[in-house]
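S.K.: After the structure tokens below, expect a handful of questions from me.
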Amino acid sequence: MSATAALIFLPFVLPICLWVAWSDMKFMRIPNLANYALALVWLVLGLFLVPLADWAWGIALGLAVLVVGFLANLTRLVGAGDAKFAAAMAPFFLGTPWNVVYILFASCLLGAFAAHRTMRAMGAFRSATPDWASWTDAKFPMGLALAGALALSLIGRAAGIGA
């Protein structure tokens, strides 16, 4: 994906990432509408911003991630919303070297986990957001890490960093 394409995707993708991160923190749910919106950004804008073959491969990659995500959900490794969001965001990583994807996801997961646990421990933050389900749920809101990884990936590409 070119820096120009990433820059054009950003104003459409970033609000969805913020929505997903907030929703997963507050409700421990990623809305299907957010997944549909992100997929629609790829389906519509991607058709004009990336070569047709890459656009089609992006759809194929999203479907493959959806299958793997649902299998992971069946074994309770990830939530269904996480699996669907990962599938919707997969096309945006097309062409990114796997080692970069792994490092980005690992970094975002560790950073999001540390940030979530730190905020959860801060009385002032918790009192400002007392109804957020992720403060008391034993599970981690993976949407926070996934959304962060997608946002950072597109920002990096728009800045000319990465593949």
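Here the Cβ of each residue, glycine as well, is placed from N, Cα and C on the backbone.
I grabbed these lines from TrEMBL:
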| type | residues | note |
| --- | --- | --- |
| DOMAIN | 13-114 | domain 'Prepilin type IV endopeptidase peptidase' |
| TRANSMEM | 33-52 | transmembrane segment |
| TRANSMEM | 59-79 | transmembrane segment |
| TRANSMEM | 99-119 | transmembrane segment |
| TRANSMEM | 140-160 | transmembrane segment |
S.K.: Quick one: DSSP breakdown of the domain 'Prepilin type IV endopeptidase peptidase' (13-114) into helix, strand and coil?
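M.R.: When I sort the residues of the domain 'Prepilin type IV endopeptidase peptidase' (13-114) into the three classes, I find 87 helix, 0 strand, 15 coil.
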S.K.: Restricting to the same chain and to residues at least six past its boundaries, which positions have a Cβ under 8 Å from a Cβ of the transmembrane segment (33-52)?
M.R.: 1-2, 4-5, 8-9, 12-13, 16, 19-20, 23, 58-59, 62, 81, 84-85, 87-89, 91-92, 94
S.K.: Mean pLDDT, the domain 'Prepilin type IV endopeptidase peptidase' (13-114)?
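M.R.: Within the domain 'Prepilin type IV endopeptidase peptidase' (13-114), the model's average pLDDT equals 96.
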